[in-house]
Amino acid sequence: MFNKAVLVESLLVFGVVLSVHAVVWDRFSWCALALALQAFYTQFKWDRLLQQGGAVFQFRGAANSGLLPASMVIPLLGVVMKERCRAAGIVYFERFGIVVASTGMLLALFLSVLAVGITKPVPTNTCILTGVAGSVIIYTMKHSLTVSEVIEVLEVLLIFVYLSMILLYLLPRCFTPGEALLVLGGVSFVLNQLIKRSLNVVEGRGDPIDFFLLVAVVGVVLLGLFFTVLFTFMDSGTWISSMFFHMMTAVLGLGVIMPWLYRLIRRNPLFWLIQFLFQTQTRLYLLVYWTFLAASACGVVFYQNAKRSSESKKHQASTITRKYFHFIVVATYVPGLIFDRQLLYVAAVLCLAVFIFLEYVRYFRIKPFGQTLRHLLSLFLDERDSGPLILTHIYLLLGMSLPVWLFPRSCAPKGTLPGAGALVPYSGVLAVGVGDTIASVFGSTLGEIKWPGTKKTFEGTMTAIFAQIIAVALILIFDSNVNLNSSYAWILASVSLVSLLEAYTTQIDNLLLPLYLQIMLMA
């Protein structure tokens, strides 16, 4: 029997798919529709495998597989990026959008085939749908991609397969299948892009800040894999292991990551970074302001832990308390988006690297701060942190940053896209910083009418939509670069669809909602 909440979530995803392809209809539209239909049916096979414990790896509990909403993110991002760059006449990035869409479809299809293959007895109807969808996708790729692009797509698939086998084994209960598709698919694509650009560095394509993102993401992932393997043979909680951890981090950073970045940007990375950060007085003011906000966030953590008495060790922070960090993040990102988006881009990359490094310190119990971090962060855990890693704060950072990182700057010569596309960099602020925060606060305090099959409330969702519309009006007032060109109905529909998706999804909303809002605004 189909779960009512999952059905509504699926209908909302189909609504996004149909809305996008009503505006952008091409040969990939048939592929997207076929992929969505087969992902819908395969999703229930994954759900049954998770309930029966028949999945190959241990996935996060208290959530459905999330295959359909995750399967459509990367293909739709590629399609809307292709269309925007085609309109701008940038052929290189138009082809890049086609590669992104094709890669996303192939990764989603692989995950579906995996579920069908391990389901007993073999589901005949789902197999037929998966075969038809696969045939449509492969036929379209054959007539859309060059040989080098096909090889690139297959390279990403190969990296994804190996990365999934390693990380899902090492990190049980950290992801649902859908979240694994998004996170590991994204990391696989970044790794392949970094290898490709390193080999073709003579061409000189790309902005240094793009290379900085690629090297930082790949660097922290490789660092984690190295120490995970190392600490299977030695105790990570001793002082000797901790000293070795810090020493090897410095060696890998200065001996591998820095030279790699130097090869890409053709200058000293440290000097480039310092010059970039302090290039203008505006950047200096923003850095001082962000430092104050970071100190405020740390103050909230210490204050909440100080309130935890010895008699209430199982006490957890309330929803409203956790949303303090959402308000702080909004206060961080909005000035950066208005005054200096390139600085925000680089600062977000640095924050991501720091967050992941601190999570390594906590996870491996690296002295002298590992145990302290475990104690401080345990107060803010929720049901989504069921695995060995604490990822919710990293997902919050990713949700706010991905619209900034994925914004097609080369296809927006004036620094902004026309119409609703001008709000694309604000997708994280609107969906997570404003919408999700307001929905949680008002829903938990004032909500009485629950959406069928969920714990979310009608009042929370409606308040979130209203708050996002107000936020759009404030952005229009304070950001002179935003010109919506009377696309208000599309913005209202986009915000409403994503807010309803927040009410029904059991996936990590901090990661999923900004991407769907970005897709809708770019369409």
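Every residue gets a Cβ built from N, Cα and C, even glycine.
Automatic, uncurated: that is what TrEMBL annotation is.
From a predicted model like this one, the values you see are computed outputs, not experimental measurements.
Annotated features, as they stand in TrEMBL:
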TRANSMEM  12-41  transmembrane segment
TRANSMEM  61-80  transmembrane segment
TRANSMEM  92-116  transmembrane segment
TRANSMEM  122-141  transmembrane segment
TRANSMEM  153-171  transmembrane segment
TRANSMEM  211-231  transmembrane segment
TRANSMEM  243-262  transmembrane segment
TRANSMEM  282-303  transmembrane segment
TRANSMEM  324-339  transmembrane segment
TRANSMEM  345-365  transmembrane segment
TRANSMEM  426-446  transmembrane segment
TRANSMEM  458-478  transmembrane segment
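Contacts between the transmembrane segment (426-446) and the transmembrane segment (458-478): present, as 3 or more C-beta pairs lie under 8 angstroms, all at sequence separation of six or more. By number of Cβ pairs under 8 Å, the transmembrane segment (61-80) is matched best by 92-116 from the list 92-116, 243-262, 324-339. Here the transmembrane segment (243-262) sits against the transmembrane segment (211-231); at least 3 CB pairs are under 8 Å, leaving out pairs fewer than 6 apart in sequence. Tertiary proximity for the transmembrane segment (458-478) is limited to same-chain residues at least six positions away from its ends with a CB under 8 Å from its CB atoms, namely 338, 423, 426, 429-431, 434-436, 438-440, 442-444, 446-451, 484, 491-492, 495-496, 499-500, 502-503. Sequence-distant contacts of the transmembrane segment (324-339) (same chain, six or more residues past either end, CB-CB distance under 8 Å): 282, 286, 289-290, 293, 296-297, 300, 347, 393, 396-397, 400, 404, 425-426, 428-429, 432-434, 436-437, 478-479.
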